[in-house]
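Here is the structure we will look at.
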Amino acid sequence: MLPFLLLLLLLPSSSTALDFCVGDITTPQTPSGYHCKSPTKVTIDDFIFNGFEQPGNTTNIIKAAVSPAFAAQFPGLNGLGISLARLDLAPGGVVPLHTHPSGNEVLLVVQGSIKAGFISSSNSVYYKTLHKGDIMIFPQGLLHFQINAGGIPSVAYASFSSSDPGLQITSIALFGSSLPSIIIEKTTFLDHAQVKKLKAVLGGMN
Ligand SMILES: *[C@@H]1O[C@H](CO)[C@@H](O)[C@H](O)[C@H]1NC(C)=O
(Lines of atoms letter the chains of each structure in order from A; the text may use other names.)
(Lines give C-alpha, C1' and ligand atoms only; values in the text may rest on other atoms or scores of the structure.)
Protein backbone atom coordinates (compact mmCIF):
# COMPACT_ATOMS: atom_id res chain seq x y z
CA MET A 1 0.00 0.00 0.00
CA LEU A 2 2.68 2.50 1.00
CA PRO A 3 4.71 2.10 -2.23
CA PHE A 4 1.48 2.63 -4.17
CA LEU A 5 0.78 5.91 -2.33
CA LEU A 6 4.35 7.04 -2.93
CA LEU A 7 3.91 6.29 -6.60
CA LEU A 8 0.77 8.49 -6.66
CA LEU A 9 2.72 11.34 -5.05
CA LEU A 10 5.39 11.06 -7.70
CA LEU A 11 2.96 11.30 -10.62
CA PRO A 12 2.96 14.74 -12.22
CA SER A 13 -0.17 16.35 -10.79
CA SER A 14 -0.49 18.98 -13.48
CA SER A 15 -0.48 16.66 -16.45
CA THR A 16 -4.26 16.72 -16.85
CA ALA A 17 -4.98 20.25 -15.56
CA LEU A 18 -6.87 22.48 -18.00
CA ASP A 19 -5.82 26.12 -18.04
CA PHE A 20 -9.09 27.05 -19.72
CA CYS A 21 -12.05 25.56 -21.50
CA VAL A 22 -13.16 27.97 -24.20
CA GLY A 23 -16.77 26.97 -24.84
CA ASP A 24 -17.77 25.33 -28.09
CA ILE A 25 -21.10 27.15 -28.31
CA THR A 26 -22.19 25.09 -31.32
CA THR A 27 -22.75 22.18 -28.91
CA PRO A 28 -25.54 21.99 -26.33
CA GLN A 29 -24.79 23.46 -22.90
CA THR A 30 -24.33 20.93 -20.07
CA PRO A 31 -24.77 21.46 -16.30
CA SER A 32 -21.03 22.21 -16.12
CA GLY A 33 -21.03 24.54 -19.14
CA TYR A 34 -20.14 24.03 -22.77
CA HIS A 35 -17.73 21.38 -24.01
CA CYS A 36 -14.22 22.74 -24.57
CA LYS A 37 -13.16 23.94 -27.98
CA SER A 38 -10.01 22.17 -29.16
CA PRO A 39 -7.03 24.11 -27.72
CA THR A 40 -5.45 24.13 -31.18
CA LYS A 41 -8.37 26.28 -32.38
CA VAL A 42 -8.26 28.75 -29.48
CA THR A 43 -7.08 32.28 -30.32
CA ILE A 44 -6.57 35.52 -28.38
CA ASP A 45 -10.00 36.68 -29.58
CA ASP A 46 -11.63 33.92 -27.52
CA PHE A 47 -10.44 35.79 -24.40
CA ILE A 48 -11.69 39.24 -25.44
CA PHE A 49 -15.27 40.56 -25.47
CA ASN A 50 -16.22 43.83 -27.18
CA GLY A 51 -19.96 43.87 -26.49
CA PHE A 52 -19.87 46.59 -23.84
CA GLU A 53 -18.48 49.35 -26.04
CA GLN A 54 -21.92 50.70 -26.99
CA PRO A 55 -24.87 51.30 -24.63
CA GLY A 56 -27.61 48.68 -24.81
CA ASN A 57 -30.84 49.65 -26.58
CA THR A 58 -33.26 50.99 -23.95
CA THR A 59 -36.11 51.68 -26.41
CA ASN A 60 -38.37 49.04 -24.89
CA ILE A 61 -41.11 48.62 -22.33
CA ILE A 62 -38.72 48.61 -19.34
CA LYS A 63 -36.52 51.43 -20.73
CA ALA A 64 -33.53 49.29 -19.83
CA ALA A 65 -31.03 46.96 -21.42
CA VAL A 66 -29.09 44.11 -19.86
CA SER A 67 -26.17 43.12 -22.09
CA PRO A 68 -24.78 39.79 -20.87
CA ALA A 69 -21.22 38.57 -21.27
CA PHE A 70 -22.07 35.06 -20.13
CA ALA A 71 -20.51 31.90 -21.60
CA ALA A 72 -22.89 31.98 -24.58
CA GLN A 73 -21.73 35.49 -25.56
CA PHE A 74 -18.14 35.22 -24.25
CA PRO A 75 -17.04 31.58 -24.65
CA GLY A 76 -13.59 32.28 -23.17
CA LEU A 77 -15.00 32.42 -19.64
CA ASN A 78 -16.79 29.08 -19.98
CA GLY A 79 -16.01 26.96 -16.93
CA LEU A 80 -14.12 29.70 -15.07
CA GLY A 81 -16.97 30.56 -12.70
CA ILE A 82 -17.12 34.24 -13.66
CA SER A 83 -19.10 36.48 -16.04
CA LEU A 84 -20.29 40.05 -16.47
CA ALA A 85 -23.18 42.12 -17.73
CA ARG A 86 -23.62 45.77 -18.68
CA LEU A 87 -26.77 47.47 -17.43
CA ASP A 88 -28.18 50.59 -19.11
CA LEU A 89 -31.16 52.32 -17.51
CA ALA A 90 -32.77 55.25 -19.33
CA PRO A 91 -34.67 57.78 -17.20
CA GLY A 92 -37.72 55.92 -15.86
CA GLY A 93 -36.06 52.59 -16.64
CA VAL A 94 -36.23 49.47 -14.52
CA VAL A 95 -34.92 45.94 -14.48
CA PRO A 96 -38.04 44.30 -12.99
CA LEU A 97 -37.83 41.79 -10.14
CA HIS A 98 -35.60 38.97 -11.34
CA THR A 99 -33.23 36.26 -10.20
CA HIS A 100 -29.96 34.75 -11.32
CA PRO A 101 -30.50 31.11 -10.30
CA SER A 102 -26.84 30.11 -10.56
CA GLY A 103 -24.68 33.01 -9.37
CA ASN A 104 -24.02 35.74 -6.82
CA GLU A 105 -23.91 39.26 -8.28
CA VAL A 106 -21.74 42.30 -7.53
CA LEU A 107 -23.03 45.54 -9.14
CA LEU A 108 -20.84 48.63 -9.68
CA VAL A 109 -22.56 51.89 -10.68
CA VAL A 110 -20.41 53.92 -13.09
CA GLN A 111 -22.90 56.61 -14.19
CA GLY A 112 -26.05 58.13 -12.70
CA SER A 113 -27.94 56.71 -9.72
CA ILE A 114 -29.78 53.42 -9.29
CA LYS A 115 -32.25 52.36 -6.60
CA ALA A 116 -31.46 48.68 -6.12
CA GLY A 117 -32.65 46.05 -3.71
CA PHE A 118 -33.26 42.40 -2.98
CA ILE A 119 -35.65 40.32 -0.90
CA SER A 120 -34.17 37.55 1.21
CA SER A 121 -35.67 34.08 1.40
CA SER A 122 -37.07 35.06 4.83
CA ASN A 123 -38.66 38.10 3.10
CA SER A 124 -36.42 40.74 4.66
CA VAL A 125 -36.08 43.66 2.25
CA TYR A 126 -32.77 45.44 1.56
CA TYR A 127 -32.69 48.42 -0.80
CA LYS A 128 -30.86 51.70 -1.24
CA THR A 129 -30.12 54.37 -3.85
CA LEU A 130 -26.64 53.78 -5.24
CA HIS A 131 -24.51 56.52 -6.78
CA LYS A 132 -21.54 56.48 -9.12
CA GLY A 133 -18.79 54.34 -7.57
CA ASP A 134 -21.11 52.43 -5.23
CA ILE A 135 -21.09 48.63 -5.26
CA MET A 136 -23.89 46.33 -4.05
CA ILE A 137 -24.12 42.56 -3.60
CA PHE A 138 -27.12 40.44 -4.63
CA PRO A 139 -26.85 36.91 -3.19
CA GLN A 140 -27.50 33.98 -5.51
CA GLY A 141 -31.08 33.13 -6.35
CA LEU A 142 -32.74 36.04 -4.50
CA LEU A 143 -35.34 38.30 -6.13
CA HIS A 144 -33.88 41.73 -6.87
CA PHE A 145 -34.40 44.87 -8.96
CA GLN A 146 -32.70 48.01 -10.28
CA ILE A 147 -34.53 51.31 -10.97
CA ASN A 148 -33.10 54.47 -12.53
CA ALA A 149 -33.00 56.98 -9.67
CA GLY A 150 -31.06 59.81 -11.28
CA GLY A 151 -33.24 61.21 -14.06
CA ILE A 152 -30.29 60.75 -16.44
CA PRO A 153 -29.15 57.57 -18.21
CA SER A 154 -27.52 55.28 -15.64
CA VAL A 155 -24.89 52.65 -16.34
CA ALA A 156 -23.68 49.81 -14.13
CA TYR A 157 -21.59 46.69 -14.58
CA ALA A 158 -22.47 43.45 -12.84
CA SER A 159 -20.14 40.54 -12.28
CA PHE A 160 -21.28 37.05 -11.39
CA SER A 161 -19.81 34.01 -9.66
CA SER A 162 -20.80 31.77 -12.55
CA SER A 163 -20.07 31.73 -16.27
CA ASP A 164 -23.79 31.11 -16.79
CA PRO A 165 -25.70 32.75 -13.90
CA GLY A 166 -29.03 32.77 -15.75
CA LEU A 167 -31.59 35.59 -15.75
CA GLN A 168 -35.29 35.10 -15.04
CA ILE A 169 -37.59 38.13 -14.86
CA THR A 170 -40.52 37.20 -12.63
CA SER A 171 -43.22 39.26 -14.40
CA ILE A 172 -42.20 37.86 -17.79
CA ALA A 173 -42.13 34.31 -16.40
CA LEU A 174 -45.71 34.83 -15.22
CA PHE A 175 -47.28 37.11 -17.83
CA GLY A 176 -45.07 36.58 -20.88
CA SER A 177 -45.22 32.78 -20.89
CA SER A 178 -47.76 30.12 -21.84
CA LEU A 179 -48.86 29.53 -18.23
CA PRO A 180 -52.68 29.44 -18.40
CA SER A 181 -54.43 32.44 -16.82
CA ILE A 182 -56.50 30.22 -14.54
CA ILE A 183 -53.30 28.82 -13.00
CA ILE A 184 -51.76 32.30 -12.66
CA GLU A 185 -54.91 33.55 -10.91
CA LYS A 186 -54.87 30.56 -8.55
CA THR A 187 -51.16 30.82 -7.74
CA THR A 188 -50.84 34.62 -7.43
CA PHE A 189 -54.25 35.71 -5.98
CA LEU A 190 -54.59 38.21 -8.88
CA ASP A 191 -58.02 38.47 -10.51
CA HIS A 192 -58.84 37.61 -14.13
CA ALA A 193 -58.83 41.24 -15.35
CA GLN A 194 -55.45 41.95 -13.79
CA VAL A 195 -53.91 38.84 -15.34
CA LYS A 196 -55.36 39.63 -18.80
CA LYS A 197 -54.06 43.20 -18.61
CA LEU A 198 -50.52 42.10 -17.71
CA LYS A 199 -50.54 39.37 -20.38
CA ALA A 200 -51.53 41.94 -23.01
CA VAL A 201 -48.55 44.10 -21.99
CA LEU A 202 -46.00 41.27 -21.68
CA GLY A 203 -47.16 38.95 -24.45
CA GLY A 204 -48.41 35.96 -22.47
CA MET A 205 -50.54 33.27 -24.13
CA ASN A 206 -53.42 31.09 -22.91
C1 LIG B 1 -33.70 50.11 -30.53
O2 LIG B 1 -34.84 49.29 -30.45
C3 LIG B 1 -35.98 49.83 -31.09
C4 LIG B 1 -37.17 48.93 -30.76
O5 LIG B 1 -36.88 47.59 -31.07
C6 LIG B 1 -35.71 49.98 -32.58
O7 LIG B 1 -36.84 50.53 -33.21
C8 LIG B 1 -34.49 50.86 -32.77
O9 LIG B 1 -34.15 50.89 -34.14
C10 LIG B 1 -33.29 50.35 -31.97
N11 LIG B 1 -32.23 51.32 -32.04
C12 LIG B 1 -30.99 50.98 -32.37
C13 LIG B 1 -29.99 52.09 -32.35
O14 LIG B 1 -30.66 49.84 -32.67
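Numbering starts at 1 and runs along the chain as it is shown here.
Backbone N, Cα and C atoms are what each Cβ position is placed from, and that goes for glycine too.
Please treat TrEMBL annotations as automatic predictions, because they have not gone through curation.
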For this session: Could you look at His35, His144 and say which one TrEMBL places alongside His98, His100, Glu105 in the Mn(2+) site?
Result: His144
Problem set entry | Site of maximum Cβ density within 10 Å, from binding-site residues His98, His100, His144 | His100
Exercise. Can you tell me the three-state DSSP label for His144 (Mn(2+) binding site)?
Worked result: strand
For this session: Please report the number of other Cβ atoms within 10 Å of the Cβ of Cys21 (disulfide bond).
Result: 22
